[in-house]
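The structure appears below as structure tokens.
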Ligand SMILES: Cc1ncc(C[n+]2csc(CCOP(=O)(O)OP(=O)(O)O)c2C)c(N)n1
Ligand SMILES: CC(=O)[C@@H](O)[C@H](O)COP(=O)(O)O
Ligand SMILES: [Mg+2]
């Protein structure tokens, strides 16, 4: 077990109410101890480190000034909430973060009354806070609403939709803009430059009126110190900030690591604000832990690590990740096709487009956290004659669904969707599971939907997408390492709507869509020992279906079972529709579709999540035996 830090003040804090009895000096010490405890905890669990370290002082100050859970502190994304969890009664479980049965890595309503609103996808906090503020106003739950949102998350359209609404409704609510000049990657875009200009030596304009307007909201702290006043006046002095134009009182920027600034500003804002108030706080991601601060992503997410050295304890890899294979396959296609361009919404590293971007900087676009825009921007690129590969995690593509339907599919534009993190992803849990993309894409007219069974298949699907110009096409692949199969030098385009036979057998046909194929093969090995030899096929396409293959499997077998890493409504549902339409059920086929269960599965290892979902080899084997009505030894209860 890693050494626990010495934390005499933190040991006295069990709930935020305990902060009320601490002096400002003790609060400073508390912040130091909270930082040490956060580092120690993440070193044993792995997880989001840098964001939490950057808000340690802010977390202490918010809980010292506001009265949670009556006041609702809403952490945007929630990846910075570990210090908050430690202060809100969850310290005893903090070393279970992101593990099966443990604490979630994000805020979660069912976990604690101190998590008033769940998160994990970005840029929702201001909308939620405004909802709480209005509810309080209308006689619902009383208390203040405080949204804490990062500069990266602030760039998303949803944050501005909420600000626009809040400025109109004029209710008291707080937005803390936690500006650390980082997203996961360095932030991009005009808003980021704007925020930098708010504190980067703009000439002060109209100092007197700025000071006056600030003084009307926050008189006391400014009387106290010229330095603090100057810091805040800088922001005011840029002259009617964007936030003020949207109807917010703007305060800042202030040093988010200096409790001597944070506490008086928050206390005064808490005591006096009457309308929407935005407090602009400058912080450093990874603050106080050199290995994080000094790394290019400021310690955004870490595997378990050695606290002294910062060295991560990663299991050795046996195969390249799907993400890397995708990036390299796309580079190979782009080398010979100058029309190929790539788009990411703030996930260059996660999608592998950082690798593509090194090779083709001018053909790579990081649009910031803006999935909706990413999709329609890609549609525009396609309409303009380019071949866009829009690389988005399955879970984040959910946010761009109307754009997929309205801007891409209806116009039959050849946008290529590279859908990473398909299926269950593990420690990030239900919010990040890629469960729904097949269901929400395969029902769209003209959309081609593929799933790779291994990394070589992924290469072929990249090539297929590059060659496909007749409408939109999507291919999905999971988080993590590939199967370790031999890779071709370059992918070869697949025939659209054609699956492949893997192994011919008898009685039972197992039709896999995606990387469950490996589990199907394992199940088949075990069934072989029981004298059963199922036919195995890889569908490759959920849309268009390989009708010929499916009908042949249905005709020639007693049992047909589909399996996919997705929710109901996806591949299996389309197969069932085909079989029903063709009257195959009339002839007694026993058909089963193995899909993710109708529940949100909490964080665990991906293997454990698939076990819970009943989709590993033993469950596949049990399903076959159950349908055949033979021995069910080993079947899970
Ligand atoms: C809709 C959505 N897109 C992408 C992500 C992935 N993501 C998680 S944190 C993050 C960066 C957020 O930056 P910022 O809000 O500035 O917080 P910081 O990490 O800098 O504290 C991104 C892109 C997400 N969670 N939600
Ligand atoms: C908080 C968030 O949304 C990301 O940091 C996410 O956890 C990244 O997931 P991967 O580790 O799969 O890239
Ligand atoms: Mg940031």
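Glycine is treated like the rest: Cβ placed from N, Cα and C.
Nobody curates TrEMBL annotations by hand; they come from automatic prediction.
Cross-referencing 26, 371, 455, 457 against the thiamine diphosphate binding annotation in TrEMBL, which names 79, 120, 121, 122, 152, 153, 180, 289, picks out 371. Within 10 Å of residue 151 (Mg(2+) binding site), counting C-alpha to C-alpha distances, fall the following of the binding-site residues 79, 121, 180, 371: 180.
Checked against ligand 3, the binding-site residues 79, 121, 371 give no residue with a Cβ under 6 Å from it. Long-range Cβ neighbours of residue 79 (thiamine diphosphate binding site) (same chain, at least 6 residues apart, Cβ-Cβ under 8 Å): 48, 51, 52, 105, 106, 120, 301. Residue 79 (thiamine diphosphate binding site) carries neither a helix nor a strand DSSP state and counts as coil. Candidate binding-site residues: 79, 121, 180, 371. Those with a Cβ under 6 Å from ligand 2, in sequence order, are 79. DSSP assigns residue 371 (thiamine diphosphate binding site) to a helical segment in the three-state reduction. In sequence order, 77, 395, 396, 399, 431 make up the list of same-chain residues 6 or more apart from residue 121 (thiamine diphosphate binding site) whose Cβ falls under 8 Å from its Cβ. Residue 371 (thiamine diphosphate binding site) has a Cβ environment of 29 other Cβ atoms inside 10 Å. In this view, the densest Cβ surroundings among the binding-site residues 151, 152, 180 belong to 152, judged by other Cβ atoms lying within 10 Å.
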